Amino acid sequence: MTEVVLQTRGISKAFGAVQASTEISLDLRAGEIHALIGPNGAGKSTLIKQIAGNLAPDSGTVQFLGRDVTGLGTVARARMGLGRTFQISALAMEHTVLQNAVLGALGARGGVFRFFRDVMRNRELTEVAMQALERVGLQDQAATRTAELSHGQRRQLEVAVALTLGPRAFLMDEPMAGLGAEGSKHLTGLLDGLRAEAPILLVEHDMDAVFALADRISVLVYGRVIATGTGPEIRANAEVRQAYLGAEDAA
Amino acid sequence: MKRERAINAAVVLAMLVVPLWAWMADEPFILTLATKVAILALAGVGLNIALGLGGLVSFGHAAFFGIGGYAMGILASHVQSYTPLMEWPLLIEGSKSMPVIWVVAMMASGLAALVIGALSLRTSGVYFIMITLAFGQMLYYFAISWSAYGGEDGLSIYVRNGFPGLNTLDPVQFLLLCYAVLGVVLFGAARLARSPFGLALSAARQSAARVETVGIAPYRVRLVAFAISGAVTGLAGALYADLNRFVSPTMFSWHTSGEIMVFVILGGVARLFGPVAGAALYILLEHLLGGVSDYWQIWLGLLLLAVVLFARGGLIGTLAGREVAHD
Ligand SMILES: Nc1ncnc2c1ncn2[C@@H]1O[C@H](COP(=O)(O)OP(=O)(O)OP(=O)(O)O)[C@@H](O)[C@H]1O
Ligand SMILES: [Mg+2]
């Protein structure tokens, strides 16, 4: 059996009366893309936040690289090698695209508490950053202020910053949103190759991308995983068709 | 960026030409004003590291200004009264040497900033403003009640402290010394803004979640920034006390915190020369309008309102246009 990199065990989380996660157990194995799909408000982002360490689950545990990380914060999990992109871009908007990528490289390499040398002249960092920008296709925007990027480009930058970390696993929350046909195709190609470097837990609404990429798919409805399986298995699953895919499955 | 450099150069030029004129025209009062501008600007440069780069709206920087001032007052008063600072467990004498006083002032205010920051940086927004204000006021009342060092009346130091190789009693030499300190600190602040630390600090201001996600703890970065910021403002406090040859609890009062913040906002938040331009403008207004009316601060208030509403970048920001993130 392939190695499990990331795993949740019986995670539950309630916001008042809203049960956003109910006993969620899923795993991410080396070399795979595991897609997490579900209707709006199903609890996908909430699950990602609990795995990344932004939110503490009410019960259940998160294991990463064979370690129980439930008690660790976001920073510690990032340092262990958890790379993450946000559904709503969290970037330094006043900084340039390159500066955002350099920040990622800086975080991964350490040495934040240096006060004198120009960080943008540090070749070690800028090279890692430029490479990441090239991979997502943002190299021409390197000197652009991040606030001036389109929504899709910000998504790409999110991915690029995650790449600079050289992480052991990726959590991506809707990286394709707002990307357009051309951009989605490019990113699909990138993620396809990326799974060999580190497995990806991918939240995505773009069903074409999901079925093209995912080794396995988990379906989340009202905070509960109702099915996990390969693309064809999920397509064939009656409960899934009823609960979620029904309307879109006409084709 | 180019335009901002030209404006910075103009500010430097004005700060050199005015005293030069004052010196030739034998106007010692103007020299004192220029010295005051440099020292207050230094306090603002300190605050600007926390406020401009880090987005930490500290309303308690008077605490560090005051600690710097009292570091000078306490050290010098012991020399003045021929009593050691401490006899047991080891003998520590006072000092009338500026370099010694500066180091003590920066260490004491930096340490205080570390403690105050450690407690207040767990909050944000209005709570952060209120907690820093509260710490400042605490020290204010402490200074008032500290009778060993003058209590409410403060401490007078009869002769200005010395600096090796200079005659600090000469207003021109003291002015140049203050300019030199300001220049060195400005250089350091410019480097800091572009350093790895500066990038992490300014990114944490814009998105704490981003910084966390790349494995950097915003709290630690902000805490170190707050300590550096406090130490610089503390250095300014020591110089200010030396300029007046007097320290009093007023240095700790929240008015002082407000004034330091006004320098930064008037001149331009996060602009390297913002505090310099702001302090110069403030002293100029105080000097010009203060002669016309006792209520000159009303006009200052209106000006401040105009800056906040219509010219967010302050004097430098308005003239230089929007900041272009550095290459
Ligand atoms: N901080 C919060 N406080 C209260 N309720 C919340 C909070 N965060 C999420 N919720 C609720 O939890 C449920 C799951 O939200 P979540 O954002 O995880 O959904 P999602 O699957 O990511 O949806 P989308 O596809 O729209 O991104 C929703 O009903 C949402 O309103
Ligand atoms: Mg979501």
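Cβ from N, Cα, C; glycine included.
TrEMBL does not curate its annotations; it predicts them automatically.
Listed features, source TrEMBL:
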- B:7-24: transmembrane segment (TRANSMEM)
- B:30-50: transmembrane segment (TRANSMEM)
- B:62-80: transmembrane segment (TRANSMEM)
- B:100-119: transmembrane segment (TRANSMEM)
- B:126-149: transmembrane segment (TRANSMEM)
- B:172-193: transmembrane segment (TRANSMEM)
- B:223-240: transmembrane segment (TRANSMEM)
- B:260-285: transmembrane segment (TRANSMEM)
- B:297-320: transmembrane segment (TRANSMEM)
Segment-segment contact (the transmembrane segment (B:126-149); the transmembrane segment (B:30-50)) at 3 or more Cβ pairs under 8 Å: no
Distal contacts, the transmembrane segment (B:172-193) - CB-CB under 8 A, six or more residues away: 15, 19, 23, 31, 34-35, 38-39, 41-42, 45-46, 48-49, 53, 98, 160, 163, 166, 202, 228, 232, 235, 239, 242-243, 272-273, 276, 326
Same-chain residues at least 6 beyond the ends of the transmembrane segment (B:7-24) whose Cβ lies under 8 Å from its Cβ atoms: 30-31, 34, 37-38, 172, 175, 179, 272-273, 276-277, 280, 316, 319-320
Intrachain neighbours beyond the transmembrane segment (B:260-285), with Cβ under 8 angstroms and 6 or more residues off its ends: 4, 7-8, 11, 14-15, 33, 36-38, 40-45, 47-48, 51-53, 59, 61-62, 65, 182, 186, 189-190, 193, 233, 296, 299-300, 303-304, 307-308, 312-318, 320, 323
